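Here's what Swiss-Prot has on this protein:
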type: BINDING; residues: 19, 41, 69-78, 124, 185, 194, 214-215; note: substrate binding site
type: ACT_SITE; residues: 71; note: active site, proton donor
C-alpha cells in the first residue's frame, strides 16, 4: 500500500543529518539548533555507537520527527521483520534499498504504522562513471526514475534521490508519492563527496517534499542561524501542490 506523503508543515521540510558518533553529541546538536530544526535524520554512525534507539527516543520526547536512514538491504523475510518492528517506533521516514522488487514488496507489506518507506535510488555521491563501473552504463536520472516507478509499483511510499532528479520523478510518479532530497547545498557546490547537488528552492520547486542538509549547517560558524536561513528559503519556496 502506498501511503500518501506526510502532511509536513513548512518548518518540517528541513531535515538535519545528525551524523555524530554518540548520544551526547546528538542531543547537544538538538539543543544547539533548538526551534530552527524539527526533523532529524539518524544513520549508520549512531547505530555503531550502540545508542541509536536512545537517540530516537530522546528526539521523540522533544517532539522532533525522526528519519531512520539505515538503507536496509537483505532477503525479503529479514527486511520485513525489521520493518515490522521499526514501524512500532515513532519514525516518520525509513530507507530501504530500491534494488529488489521482492524485498520492497515485503517491506511495504510489513509496515504496520504511519512510517513512510523511502527507496534508495542512486546515492548522491555517485555519477555516471560510478554506475558504469557497476555494469549500469546509463545516466543516473534514467536509473533513478526507473527505480522510483518500481518502488511505487511495489507499494513503497516514496524515494530518496538527488534534487536533480526530483522533477523527473514527480512527473513520472504523480503527486501522491514522497520525494526526499539529500545533498542539498544552499550556497552551491562545495567540492565534497556529493556529486549530484542542488539548492533549496530548486529541489522544492521540482517536487521535493523535504530536503536533507548536513554539512552546510554543521560546519557553519553559527549552525542555528544557517538552519534558520534555510527555513526562510523554504518558506519563500512553498510549492502549492504540496500544501
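Cβ atoms here come from the backbone N, Cα and C positions, even for glycine.
From a predicted model like this one, the values you see are computed outputs, not experimental measurements.
Shown on the structure are the features that Swiss-Prot records.
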{"residue": "19", "record": "substrate binding site", "contacts (Cβ under 8 Å, 6+ apart)": "43, 45, 46, 214, 218"}
{"residue": "70", "record": "substrate binding site", "contacts (Cβ under 8 Å, 6+ apart)": "43, 44, 47, 94, 95"}
{"residue": "71", "record": "active site, proton donor", "contacts (Cβ under 8 Å, 6+ apart)": "95, 96, 97, 120"}
{"residue": "73", "record": "substrate binding site", "contacts (Cβ under 8 Å, 6+ apart)": "79, 96, 97, 99, 100, 103"}
{"residue": "76", "record": "substrate binding site", "contacts (Cβ under 8 Å, 6+ apart)": "100, 102, 103, 105, 106, 107"}
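According to DSSP, residue 19 (substrate binding site) sits in a coil region rather than a helix or strand. Looking only at the binding-site residues 124, 214, the densest Cβ neighbourhood within 10 Å occurs at 124.
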